[in-house]
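What TrEMBL annotates here:
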ACT_SITE  359  active site, nucleophile
ACT_SITE  362  active site
BINDING   153, 155, 166, 217, 220, 252  FAD binding site
DISULFID  57-62  disulfide bond
DISULFID  359-362  disulfide bond
């Protein structure tokens, strides 16, 4: 059990737990199920920019052969639109096909109706000039993915390829406490001394660098928690069973097993929550304007989605223990500007490392949560631009693309 006040802010864990459980979580869960937030466009084929691609998910497509095209009815081919139709529920073969889709690589099947809606969204975004274009948005390799059909969970992806990704993040791209050595590869020999004792000191690390380290550690903890909560426990007769793996959770977070590091990782997850919560409260004015719609083409659903989002914003504003981002980059202007640029470049590099993840599903959720956190940081450092937004016309000073909005909400939901 975690208790007490978090470092670098005036918030205690119990207050966050109560606020999240009773106010935020039920609403954010509903929001994630809405069409606007469940489809995320992502390029899973971008090559790793740092080393030769060597990673493969150890359960490649979960060893399930795809069903012959001729046996899949239009309702299943169309993705989720007719998923619960009578015909789909009556056929054993179709259930097997659907199971294969769920277990295999990223399920990118979409109905024609959904595809048309995406074209409308793109046109709407372009014409309203609310959102800037993302780097790979129009790449032929970018595809829409239904996040509800591709939940984040343990797929069997592990070993040197996975360790290499996290080691690269911590050792080469993260400001970290000087005395902390994180041998993320359990096969790596301990450096002895400090490495085996895992001492912890923030000596020489300014607030901004402490925040950066905690955010990355919190992101890592979040991903590990989801893998422990939805772990592949067994697979009999080709039917897998996912559920909580307490032993794996203990291995990653127990104070004794982690030489005291585990509880700190979990505290960093709370810190990450606080940062993204703060970003949501800060970006509320952007969405409160009548000129901003969560546009899918379904007027009734769009209105309900926006009402629910604004309701969540009201809750975020009612929280009394927000992180104070004004304490960051507050020194002399030249030094602060240089530090902010260093902060930005480090984070950008980490987002590029996500293209080195060998498992498609892990890559999808890694990219989404990294982009969500990047969007939160963009919001926190754009307060003046957000406050000066025009009420009835698009803003040139501050914009969010649909991809950034979807990533922000889903990352916070995680």
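Using N, Cα and C of the backbone, Cβ positions are placed for all residues, glycine too.
TrEMBL: automatically predicted annotations, no manual curation.
Fair warning: this is a prediction, and the values are worked out from it, not measured in the lab.
The separation of residue 362 (active site) from residue 220 (FAD binding site), Cα to Cα, is 12 Å.
Neighbour counts were taken at the CB atom with a 10 A radius for the binding-site residues 220, 252; the maximum falls on 220.
Residue 217 (FAD binding site) is surrounded by 25 other CB atoms, counting those within 10 A of its CB over all protein chains shown. Considering only the binding-site residues 153, 155, 252, the residues lying within 10 A of the residue listed as 'active site' on a C-alpha to C-alpha basis are 153, 155. Counting every protein chain shown, the number of other Cβ atoms lying within 10 Å of the Cβ of residue 362 (active site) is 23. The record assigns 153, 155, 166, 217, 220, 252 to the FAD binding site, and the maximum Cα to Cα distance across that set is 21 Å.
The number of other Cβ atoms within 10 Å of the Cβ belonging to residue 155 (FAD binding site), over all protein chains shown, comes to 20. The residue listed as 'active site, nucleophile' and residue 153 (FAD binding site) are 11 Å apart (CA-CA, integer value). If you take the Cα of the residue listed as 'active site, nucleophile' and the Cα of residue 155 (FAD binding site), they are about 8 angstrom apart, rounded to a whole number. By a simple count of nearby Cβ atoms, those within 10 Å, the most crowded of the recorded positions 166, 359 is 359.
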